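**Student:** Provided herewith is a single structure, encoded as structure tokens, for subsequent inquiry.
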Amino acid sequence: MKQRRRRNGCSSSNTISLLLLFFLVFFSRTSTSTSCRRRTVKHLSTTSTSSTPLESRITSKVIVISIVSGILTGLVSALVLAFLVRSIVKFMKQTPILKGPVVFSPKITPKSLHAALSNGIQLLGSDLNGKYYKMVLDNGLVVAVKRLGSLEGVGSPESSSSKSVKRRLQKELELLAGLRHRNLMSLRAYVRESDEFSLVYDYMPNGSLEDVMNKVRTKEVELGWEIRLRVAVGIVKGLQYLHFSCETQILHYNLKPTNVMLDSEFEPRLADCGLAKIMPSSHTAVSCYSAPESSQSNRYTDKSDIFSFGMILGVLLTGRDPTHPFCEESASGGSLGQWLKHLQQSGEAREALDKTILGEEVEEDEMLMALRITIICLSDFPADRPSSDELVHMLTQLHSF
């Protein structure tokens, strides 16, 4: 990487040297032409005493034209110089597109990554942005790899638009690698090959929340209310960190159960933070977890993340898959939020709760209060939704964590 940066530095210095040489030649010609004009004007002025009135007028016009020409030449030269200097500064500030592994963890080496990627890896799942794999390094470390979809939607690999997306993605990955929170997936390394990126994360043995909830529906896994509430609190604490604790506010843009990973203790970790805004395949992707303002007017704020969280909290409370119709009643509107609101207004909120976790009266009261929080998060108006900071306080009040 150091050698690559040296080559980039050498090419930048060569470019600057050529431009400086151009400036010297250009301005030497400009100064020569200006001095010639001055000599012409001087010669004309010495002969003007013996000139006729007509010749005097011609001489005056020549002098004016020479002065105007000199001023215009100076202005054009200044503009060209300013443009070139700005271009040089912009070029030097550009992030170089790195190739090969970029590692952020001392437990991983570029060599071990290359070797593991070349061998067989186990497919775990996929979404619009790419596929997830399980991979074992030569030191025995188990990691998860997400191979992002190709950047084919932004032109050829060497086009300026493709390079721009790669630079933005690279900057985003470097930003994500610096985030440290127990409820965020830590980026350990990434590899760029041609127009594809492979992201390396810690391996989560319980998979995604989507995987677990599917197993709950088929009765392969039991997930009590205490664990579900812990998952909800962990998700919103991750959002709180992104929204309020980072130097620059970070939005998730694609919060849904497939992007919530669960460790061995069912502690949630948010994955793919911010990547959806960069990947071309996600620009038009809208799911039932997307806030109405993001799908209707392409506006996205921290309150849009809160809407997505409200959908996840609704899934945890009801156990239902929001992509399936909830009931035949027209009053429900066919969406999770409208269905929950309808039951709340009709005094039948208990009917929405997952029957497999109903039992103790105290837990049932907590679930009903959480249902009210869900409905607020799913408001059509962003200003009516609570912030992630407020949600942490609201949810932790339901139970002692």
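Cβ atoms here come from the backbone N, Cα and C positions, even for glycine.
Not my notes, these are from Swiss-Prot:
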BINDING   Leu124, Gly125, Ser126, Asp127, Leu128, Asn129, Gly130, Lys131, Tyr132, Lys146  ATP binding site
DOMAIN    118-401  domain 'Protein kinase'
SIGNAL    1-33  signal peptide
TOPO_DOM  34-62  topological domain 'Extracellular'
TOPO_DOM  84-401  topological domain 'Cytoplasmic'
TRANSMEM  63-83  transmembrane segment
**Student:** By the count of other Cβ atoms within 10 Å, pick out the sparsest of the binding-site residues Leu124, Leu128.
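**Tutor:** Per-residue Cβ counts within 10 Å for the binding-site residues Leu124, Leu128 bottom out at Leu128.
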**Student:** With Cβ-Cβ distance below 8 Å and at least 6 positions apart along the chain, what are the contacts of Ser126 (ATP binding site)? List them in sequence order.
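**Tutor:** Within the chain, Ser126 (ATP binding site) has Cβ neighbours under 8 Å at Tyr132.
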**Student:** Please state whether DSSP places Leu124 (ATP binding site) in a helix, a strand or coil.
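**Tutor:** In the DSSP reduction, Leu124 (ATP binding site) maps to strand.
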**Student:** Can you list the residues of the same chain, besides Leu124, Gly125, Ser126, Asp127, Leu128, Asn129, Gly130, Lys131, Tyr132, Lys146, whose Cβ falls within 8 Å of the ATP site's Cβ centroid?
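**Tutor:** Close Cβ neighbours, site residues excluded: Arg147, Thr258.
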